[in-house]
């Protein structure tokens with residue numbers, strides 16, 4: 001990835017956003033794993049996987065944060081950081097998505113009324129589709145200035161898989177969502193689906209920043225902050241909603257731990 005000089009404000013903005021994202025992922029992981037004992041066994045996998053998603057993300061945010069720190073250094077008498085020559089490795093983010101995006105879809109499937117055959121088909125198709133979405137977008141992420149043709153191509157290909165996943169979440173799984181008789185549970189499942197779609201819609205928008213005239217260091221800062229916000233919503237936010245769904249379903253089935 002091409003490195004660009006940063007002002008102190010730009011560097012600190014990314015630094016603090018990465019730090020906040022890391023803390024959010026760690027806190028959500030601890031909460032979900034501790035609260036997994038409060039739901040019935042048949043729903044526990046969904047909560048544990050939700051915690052696994054944020055745990056994997058926390059690990060990669062540690063690597064991203066450290067890589068950002070290693071890429072710049074402050075010198076005495078200078079207010080802005082200087083490049084160290086060590087490139088910032090943003091590939092950690094894509095490695096994270098390659099693992100966590102399929103898992104995020106599976107955690108939603110686990111709380112829905114699906115027979116085993118349907119669950120197996122949906123988990124495979126959504127898992128493969130999401131992986132292809134991530135892989136197809138990576139090459140374009142390496143270009144944030146100059147000839148943006150590769151970025152446009154990667155964005156277009158990745159969007160095809162993205163739209164398929166959105167269709168499956170909102171239309172393909174609609175029958176399973178509507179089969180929920182409890183209005184509270186149904187509304188929470190719908191909330192998880194909508195939150196996933198809305199948060200995911202921010203990723204392709206952030207990807208477009210360099211094509212919208214945001215270049216060089218400004219593009220790097222905007223992309224990093226944008227992806228962090230999207231990650232917090234799609235991983236922490238959706239994970240907490242998944243816990244609420246499993247808790248409500250467990251409560252419906254019988255007594256629970258408080």
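Cβ atoms are placed via backbone N, Cα and C, with glycine included.
A TrEMBL annotation is a machine prediction, not a hand-curated record.
Summarising the annotation, TrEMBL assigns transmembrane segment to 13-34, 46-62, 94-112, 124-140, 152-171, 191-209, 221-243.
The transmembrane segment (191-209) and the transmembrane segment (94-112) are in contact, since at least 3 Cβ pairs between them lie under 8 Å (pairs 6 or more apart in sequence).
Using a Cβ-Cβ cut-off under 8 Å and counting only residues 6 or more beyond its ends in the same chain, the transmembrane segment (94-112) has close neighbours at 43, 45-46, 49-50, 52-53, 56-57, 60-61, 119, 122-123, 126-127, 130-131, 133-135, 137-138, 141, 165, 169, 173, 176-177, 189, 192-193, 196, 234-235, 238-239, 242, 245-246, 249. Long-range contacts of the transmembrane segment (46-62) within its own chain (CB-CB distance under 8 A, at least 6 residues past either end) are made by residues 18, 21-22, 25-26, 28-29, 32-33, 35-36, 39, 92-93, 95-96, 99-100, 103-104, 106-107, 110-111, 231, 235-236, 238-240, 242-243, 245-246. If you look at the transmembrane segment (221-243) against the transmembrane segment (124-140), you find fewer than three C-beta pairs under 8 angstroms, all six or more positions apart, and that falls short of contact.
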